[in-house]
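Here's the structure we're looking at; comments come further down.
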Amino acid sequence: MSWDQVWIDINIATMDPSMNEAYGAITDAALAVKDGKIAWLGKRSDLPEFDVLATPVHRGHGGWLTPGLIDAHTHLVFAGNRANEFELRLQGASYEEIARAGGGIVSTVKACRDADEAELFDLARRRLNALAKEGVTTVEIKSGYGLDLDTELKLLRVARELGQHHHVDVVTTFLGAHAVPPEFKTLGEAGTDAYVDLVVNEMLPAVVAENLADAADVFCENIAFNLEQTERVLSAAKTLGLDIKLHAEQLSNLGGSELAARLGAKSVDHIEYLDEAGVKAIAQSGTCAVLLPGAFYFLRETKLPPIDLLRQYQVPMVLASDFNPGSSPICSTLLMLNMGCTLFRLTPEEALAGVTRNAARALGRDQRVGVLREGMEADFCLWRISTPAELAYSYGVNPLVDVVKGGRLIHQ
């Protein structure tokens, strides 16, 4: 056998659902890489003969390989911060009250409109580096802090550039319909409709013309866009060839998840107020449920997502950081594993699936990454742990040892 590298003295959490063992585990295992792909994996005792002198052999010292982690929902590119709003919330103000008073998303818009691409790139690269140090190898980055054509394009260009200058794969999402900008908000519902016209008729075509986005998203909520407005944006995005997803049922239940299911969305995100009808709908459409415990924690929410219903209807559950300056300024995927278990009562295996296999599905990357099996990309992490559950159990001491991305050893 001729391979580019071989890993031995390892255990593997393949996260392959076709395997009967928890985590799709293979103990006392080995793995071989060729041309950036996994060429072989299995029990070390079954490892085919290969040229030991010509092949780099890496010893895992009894650690565990997992798929590279995936953060499937972030707002990584922004300027400024909202520490003042943090203080207001601690004094009793709600997220909605702050937003209606001109804070929230809109307060970040000015900072992003004023910042140039170099400043935004430098800020975002630091955040991406922080995720990468925790084993993240794929990340989704949304726009949504421009709310005008030029700034939305600027944010997406920065996100695309990050992916070109970093080993982490970047999936970009256009979120022009994140909030109603101040210049339209004073006109009431007519202003919101006029802004949706701008998103549909000018922003989306420009984004697609520059190939700046892989998907489009909308914040469907009573403080943002109603169902009709949401459908206009998502339908237009679909027509232009973009994947679609939706912020839905975070603060109330408007039926956004059922709309997302009808339109074939990749995911619905937040979903604290999702009901059984919505769960049934996304189960039938194959739409993923993206859970965002960082926002739940930071906003001190009490309404839990319907985890038992999602399990009952076998909806793929994704865990993501929702890293953003207002509701989840928490740049840590490993912490999301712990929060997913402690706050949402996921099992450690469900949590790990939420940042590997299911996250890949939510981003349309499940034929490439998220599971370790022959033919998939060689995209994995080596951890100094005795069981995969440790990744969710303990936080603060990073157990990451190595990262392989596309067959290339990144971190030692």
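The first residue you see is number 1, and the count goes up from there.
Glycine too: its Cβ is placed from the backbone N, Cα and C atoms.
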To which of D4, D148, D150, D322 does Swiss-Prot also attribute binding of Zn(2+) at the site defined by H73, H75, H247? D322
Joining Y145, H178, Q250, S327 at the 4-imidazolone-5-propanoate site recorded in Swiss-Prot, out of R82, R100, R373, R384, is R82
Integer Å value for the Cα distance linking N324 (N-formimidoyl-L-glutamate binding site) with H73 (Zn(2+) binding site) is 10
Distance check against H247 (Zn(2+) binding site) for the binding-site residues R82, Y145, H178, G326, S327, keeping those with Cα within 10 Å: H178
For the binding-site residues listed here, R82, H247, S327, which shows the highest count of neighbouring CB atoms within 10 A? H247
Cβ contacts within 10 Å for D322 (Zn(2+) binding site), all chains included, total 27
Hey, of the binding-site residues listed (H73, H75, H178), which one tops the CB count within 10 A? H73
Within the same chain, the residues at least 6 apart in sequence whose Cβ is under 8 angstroms from that of Y145 (4-imidazolone-5-propanoate binding site) are H75, V77, F78, I105, T108, V109, A111, C112, T151, L155, H178
